[in-house]
Every structure is written in C-alpha cells, then in structure tokens.
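Colleague: Structure provided below as structure tokens; questions to follow.
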Amino acid sequence: MAPLFLPLLIALALAPGPTASADVLEGDSSEDRAFRVRISGNAPLQGVLGGALTISCHVHYLRPPPGRRAVLGSPRVKWTFLSGGREAEVLVARGLRVKVSEAYRFRVALPAYPASLTDVSLALSELRPNDSGIYRCEVQHGIDDSSDAVEVKVKGVVFLYREGSARYAFSFARAQEACARIGARIATPEQLYAAYLGGYEQCDAGWLSDQTVRYPIQTPREACYGDMDGFPGVRNYGLVDPDDLYDIYCYAEDLNGELFLGAPPDNVTLEEATAYCRERGAEIATTGQLYAAWDGGLDRCSPGWLADGSVRYPIVTPSQRCGGGLPGVKTLFLFPNQTGFPNKYSRFNVYCFRDSGQPSTTPEASXPASDGLEAIVTVTETLEELHVPREAVESESRGAIYSVPIVEDGGGARSPP
C-alpha cells in the first residue's frame, strides 16, 4: 500500500504553500508598506553652536491611511541619536503623550505633531558640540513601521585667546579687535554656555560679547570656584569695566577655504612661512581658521606657524606623543605660565590657508605627521593650576590651555645660534 500514497505525498510537497506565507514575503518588500518615512535635506545637516535646527521628517502614505477601527490611536513617533557606536533615545510620542529624555529636556519638540500626523519633524535648540551625530526618525502605525536617518554636524568652536607676551592683556575694545584679527569673532554668552554643556572647561576669565567676563568649569577646585559655590558651571563676573584687562573667548565657525600643512625640509622662520604660503597661492593661516579646521576634523601632529606669530597644531585623536590625552588645538609656549610665543627665527612647519576660489599653484610639501615633535616636551593632560598676583583677579586660576613647552636647541623646532 505504501507505493499508492507516494504520488499523493509528492503532489502535496509540490503544491503551493498557504496564502498567508506569500503575504508575509510580500509584506517584507518596501512596495507593500503602508507608508514610508523620509528625512529631507542634504546630509550632513548643518547647525551652529548655541543655535537651533529642525530635522524635517515626513510620513508618505503609499495607500489611503487605515480607518479608525484598523489601528488604535495616533502613529507612534520615536527619535533616536547615534554617536560613537551608542544609541540614545531623544523622544517618544503618541498623540499628545510625549516622553523626552533628560539630556534633551526643554531642547526638543515636534512642532507639527500631532496636529499633522504626516509631519513628525524634530526641532532641536541650544545646539551643543556633542549634538553632532546620526538622528533617526521612526514611525509605527498599526503593524507597519518605517524609519529614516540623517547625519547632523554642529559647527562652531569657542576658544580662549591671549597675547603671547602676557596674560590678561585685553580691554573690552581690544578684545573684539583681537578676535577679528585672528579670523574669528568674540563669543556670545550663549556660545560659551553651549560649549560648556559640550564638555569645554577653561579656568581663565575672558571677555564675552555682552561685556561680561566668564569662564566654564566642569571640575570645581580651589581658585576656580568663582560664584558657583563649588558647583560646575559657567562662572560670571557680571558686567565689567571695559578698561579692565582679561583674556578673550573667541568663536570661529566657517572656514570658507582650504587649510593645509606646509612642511618644507628644513622648516621655516615666521617670515619664511609667510613667503612659503604665498608661493602656493595661499596666505599664512590665522588662529581662528585653524580652530575652524580642527572643528571640521583636521588632525595634524605637527606644530606650525600661524599669522599672529603663535605655533599650534590640531589634534582630533589624542595621544601622549601629540600633546597629551585630550583633543584640541595645542599651543606652544616658551614659559611655564603659558605665555611667550616662540622666537620668530625659530623653525617650524606652517599652516597655510587658500580661499575656496583660489587654485593651487604649487603642490604642498609632505612630511610625517609628527614632524617637529622631537623638540617638544609633552605635558600631562591634568589641568594645571597657575596663580597670578591677587590684584589682577582675586583668587582665580589661570590654567588649562592645551599647551606644550618647547626646547630651542634641536629637532624640528630650531633657533639660529
């Protein structure tokens, strides 16, 4: 009897499967989805430090939306943030119920939702440096879901600037002029606060655009308490006499050109550095331009001249050999109190800047990434407490510029005998 059942079994095996299985397979294709989620705009989306940005995200229905009985309530909207391999929830909303993560409290909103169930755009304000990353918009409606993602880049950097000869050398008027001279502008209180929220710390009082003097502290300690009673925050001296002398907090944002490292075989003096850049259809870069390039990802473990006579280099991926364990624009000072630019006859590489519309006339010289570091003694990343006379600014520290002392007797940084 067994042979009589064999054809029947084969026929059953070859017969089409249940319709439900075919529906499942078809449901996996994007063509069968009820809707698609799309983020508009050219990636990466650009925001500015301390500013606001709206990430436009819309739901496009591919067939008429289901009736009220087909689904319960409004679509579920979820925004997430991805950076450094980690994912964090920004907010989750369904109808009038919205849950916002603590890190984004009072900073995010869905301006159109739920009045519009197809516009789930995210408004993000008080932008910080660590808001740069991938944002994902996900919508779930009934059994259907769809998502889209976009990269966001928050541009703009706040940095402390001081004269090479002395600390606290700028009146309010001279502070504004100094920032403009180095290709930047004086920072606003909002920009300094946004930088602080992104992790910036500097125990040095500096002018801001509203004629106040402030400084950001992450780790309260002796001589860096200010008016915060031992708590982290931005210390504020309030409105200060414009003739008083302090450092400055400058702000740089747009590069609008190409910044490159020039590395001639024998290095160059400051005067030779200017000529070197001109020969290549460029000019010697300003400090503000170097900070903007670093903010855009420039990483060079090689000290170079800048237009103000300072010698600096940008580090994105830190190492002990390249100035310690913190990223930033490293500055070479002659003296332990973090003053004194190198002698103009010392020899270093040079950072040049070429406008966007200016073609290259001569290829840039190439050199190892660590050229010139043989003569630099790297300091530790521990923030240094440096005290000044009490009459300058009572009980305040002057520490923690990214800096390394230099030695004038050999290697890549050389002075004539």
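A Cβ is built for glycine as well, from the same backbone N, Cα and C atoms used for every other residue.
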Colleague: Can you sort out which of CYS179, CYS203, CYS301, CYS322 is the disulfide partner Swiss-Prot gives for CYS250?
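Modeller: In Swiss-Prot, CYS250 forms its recorded disulfide with CYS179.
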Colleague: Between CYS277, CYS301, CYS322, work out which one Swiss-Prot annotates as bonded to CYS352 by a disulfide.
Modeller: CYS277
Colleague: Pick out which of CYS137, CYS224 Swiss-Prot lists as the disulfide partner of CYS203.
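Modeller: That record, Swiss-Prot, gives the partner as CYS224.
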Colleague: When you rank CYS57, CYS224, CYS301, CYS322 by Cα distance to CYS277 (disulfide bond), which of the disulfide-bonded residues ends up on top as the closest?
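Modeller: Smallest Cα separation from CYS277 (disulfide bond) among CYS57, CYS224, CYS301, CYS322: CYS301.
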Colleague: Compute the C-alpha separation of ASN130 (N-linked glycosylation site) from CYS179 (disulfide bond), stating it in Å without decimals.
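Modeller: Rounded to the nearest whole number, the Cα-Cα distance is 24 Å.
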Colleague: For CYS203 (disulfide bond), list the number of other Cβ atoms lying within 10 Å of its Cβ atom.
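Modeller: Its Cβ has 27 other Cβ atoms within 10 Å.
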Colleague: Nearest of the disulfide-bonded residues to CYS352 (disulfide bond) by CA-CA distance, picking from CYS57, CYS137, CYS224, CYS250?
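Modeller: When the Cα distances are compared, CYS250 comes out closest.
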Colleague: Within the domain 'Link 2' (257-354), count helix residues (DSSP H, G, I), strand residues (E, B) and coil residues, in that order.
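Modeller: Helix (H, G, I), strand (E, B), coil: 22 helix, 32 strand, 44 coil.
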Colleague: How many Å separate the Cα atoms of CYS301 (disulfide bond) and CYS137 (disulfide bond)?
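Modeller: Between the alpha carbons of CYS301 (disulfide bond) and CYS137 (disulfide bond) there are 38 Å.
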Colleague: How many Å separate the Cα atoms of ASN337 (N-linked glycosylation site) and CYS179 (disulfide bond)?
Modeller: 22
